[in-house]
Amino acid sequence: MTTGVERLFDELGHFKRFQACLYFAAIFQAISCGIHYLASVFLVQTPKFLCYAPSNITDVLYRNHSSTSLADIWTHYKPGDGPVVVRTAGGDQWELSPCLKALRLDAINFQYEFFGNKTVESCGGFVYDHSEVEQSIVTDWDLVCEKEWLAKLAQPTFMLGVLIGALVFGDVADRIGRRPILMATSLCQFLFGVTVAFTGNYYLFVLMRFLLAMVSSGYLVVVFVYVTEFTGNKVRTWTSMHVHAAFAVGIMVVALVGYLVRVWWIYQIILTLSTSPFLLYCWKFPETPFYLMAKGRYKEAQELLDTMAYFNGLPPTLKVSELKDECDGALLNDNKQEDGRVVEVEKRLSILDMFGSLKMAGRSATCWAIWFIGSLGYYVFSLGSVNLGGNQYINLFLAGAVEVPSYLIGCFAMDRVGRKKTCAPALLLGGVACMLIIVVPQDIEILALVLSMTGKFTIAIAFGLIYLYTCELYPTIIRSLAVGSGSMMCRVGSVVAPFCVYLADIWIYLPQLIVGILAFIIGILTFFLPETLGQPLTSTLEEAEALGSKPNKKNTAVDVLEMNQSIKA
């Protein structure tokens, strides 16, 4: 039987009615994180566009296609493949390009090719193809040509907010608790999400999206810790991994709403409202038993245990004093909550405590590397998938749907062969698949696609399990901080990913090669991490550092003797 706080799951159930209700309620809001992370796909979508056309157009030419309306040309128009030529009722002929327009001088015949003189002008405005995108922030604020960089800056700014939010809220959750952060970030997600839809200019839009990113990241970081600390180790793999499945559902919701609604501010409101029912019941969430015990809030912990027993149909016989480590030698006593022990528990810890010893420093560096390559690989493959063609809404929907099988397989493997033996081979296989892409001839696209999806699938497994693995590798007092800092490295990977994709201009397979090499190296380093399968969650840094170490029989005997002496005293 397990000892310490973990014992409550043996007594009250690993995943009974109480935990199940909390779990599904908590991950419902995680759907909104997937929604807001991917919402920019259609918020900042740039349709085909040309310089604003003169009025009274009578004829339009593009290559071998002719029409009397510019709207009829969009299906044939390809950016960068020549201008669109128009003729007005007054006889003027204009060549319209995306960022320039030219007036033909002394043009007689109306034909596509013209070798005479032209007067080139800058665009006074733009005309857009509304067949796919009726209205986005790009069309509203003309974020094209010299303002194109503003549109491209929107997503990196959002990811910067995610990075900061992961670190800030992870640390705050370890100080003030998981419950207040879940409630605050959920409310702010709703408020900022709706506010984004009513921003009147680009800069306010970016600011609101930045704040939305911070609170979305904060919720996602803390909810992993929350569900981990409310479920027993028999089901912890499944409950942790399927938070990712909720995120994937959010991606599919984005694709569905994006297909149905083509006006960006209505689209944003609908996405935000889709998870708003969470606000009606999140205030009923309790604090986790691990946090209450770590902070010495024993009276609240006892009330929580009694509530769990009642909802799970069990007698409320479990006492907090039974969950405390035997080495404490202390019983539940509210009068002692101001003594030195509680003061010690309240000692503030920082990110430096993750690197307090050589063993913990190596563990933290490897965990951060897995977070980084998981995100980098995911976004490199995702951004590269736009070259697949076809319907963009179906592509995005499938991008979310294909994640679910990887989490299912990851769960089976983690519970049977262990965390380390699942993560390391997944990274190695993903690395090999990425590196094999470089030897595939460009004309065999199907083979390159299979290898690319193999790489994404395997790295997604490693990326999915690192949340749970990190929770199990660190003690209660810095668990949220560990997940938060890891998520920060994950966001660094997502910020670097677009720049990595740009390297395809140098060599088409260079991004995959970089991901493959890094994944392979990090996969080897993962073998040096301790296995946590079947191990109880640790409460102190000393317990966490001892993970994977073989117990010394002599030291164990001494510890038992000292414990017995302290109890007798």
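Cβ atoms are placed via backbone N, Cα and C, with glycine included.
Since we're looking at a predicted model, the values are computed, not measured.
Residues or ranges marked as domain 'Major facilitator superfamily (MFS) profile' by TrEMBL: 102-534.
Within the chain carrying the transmembrane segment (20-39), a Cβ under 8 angstroms from the stretch's Cβ atoms is held by residues 158, 162, 182, 186, 189, 193, 212-213, 216-217, 219-220, 223, 226-227, 230-231, 239, 242-243, 246-251, 253-254, 267-268, 271-272, 274-275, 277-278, 281-282, 285-286, 311, 396, 400, all 6 or more beyond its ends. Per TrEMBL, the feature transmembrane segment maps to 20-39 (among others).
Residues or ranges marked as transmembrane segment in TrEMBL: 149-169 (among others). A Cβ distance under 8 Å defines the sequence-distant neighbours of the transmembrane segment (149-169), meaning residues of its chain 6+ beyond its ends; these are 37, 40, 43-44, 46, 137-138, 143, 181, 185, 202, 205-206, 209-222, 484-485, 487-488, 490-492, 494-495, 498.
Among the features that TrEMBL reports, transmembrane segment is placed at 181-204 (among others).
Using a Cβ-Cβ cut-off under 8 Å and counting only residues 6 or more beyond its ends in the same chain, the transmembrane segment (210-228) has close neighbours at 22-23, 26-27, 29-30, 32-33, 36-37, 157-166, 168-170, 173, 178-179, 181-182, 184-186, 188-189, 192-193, 196, 236, 239-240, 243, 247, 288, 467-468, 471-472, 479-480, 483-484, 487, 491, 537. Among the features that TrEMBL reports, transmembrane segment is placed at 210-228 (among others).
Summarising the annotation, TrEMBL assigns transmembrane segment to 240-259 (among others).
Here TrEMBL flags 265-283 (among others) as transmembrane segment. If one looks beyond the transmembrane segment (265-283) by at least 6 residues along the same chain, the residues whose Cβ comes under 8 Å of a Cβ in the stretch are 25, 28-29, 31-32, 35-36, 39, 42-43, 135, 182-183, 186-187, 189-190, 193-194, 196-198, 253-254, 257-258.
As annotated by TrEMBL, transmembrane segment applies to 360-381 (among others). Same-chain residues lying 6+ beyond the ends of the transmembrane segment (360-381) with a Cβ under 8 Å from its Cβ atoms: 354, 423, 427, 430, 434, 452-453, 455-456, 459-460, 462-463, 466, 469-470, 473, 482, 485-487, 489-494, 496-498, 500-501, 511-512, 515, 518-519, 522, 525-526, 528-530, 541, 544-545.
For 393-410 (among others), the entry in TrEMBL reads transmembrane segment. Listed by sequence, the residues of this chain that lie at least six past the ends of the transmembrane segment (393-410) yet keep a Cβ under 8 A from its Cβ atoms are 34, 38, 41, 241-242, 244-245, 248-252, 254-256, 258-259, 382, 385-386, 422, 426, 453, 457-458, 460-461, 464-465.
For 422-440 (among others), the entry in TrEMBL reads transmembrane segment. For the transmembrane segment (422-440), the residues of the chain that approach it from at least six positions outside its boundaries are 370, 373, 377, 410, 413-414, 447-448, 451-452, 454-459, 461-462, 465-466, 469, 509, 512-513, 515-524, 526-527, 529, judged by C-beta separation under 8 angstroms.
Residues annotated as transmembrane segment in TrEMBL: 446-469 (among others).
Under the heading transmembrane segment, TrEMBL lists 481-504 (among others).
The list of residues near the transmembrane segment (510-529) in space but at least 6 beyond its ends in sequence, with Cβ under 8 angstroms from a Cβ of it, reads 362-363, 366-367, 369-370, 373, 376-377, 380-381, 384, 420, 423-428, 430-435, 437-438, 452, 455, 459, 469, 473, 500-501, 503-504, 548. Annotation comment: TrEMBL describes 510-529 (among others) as transmembrane segment.
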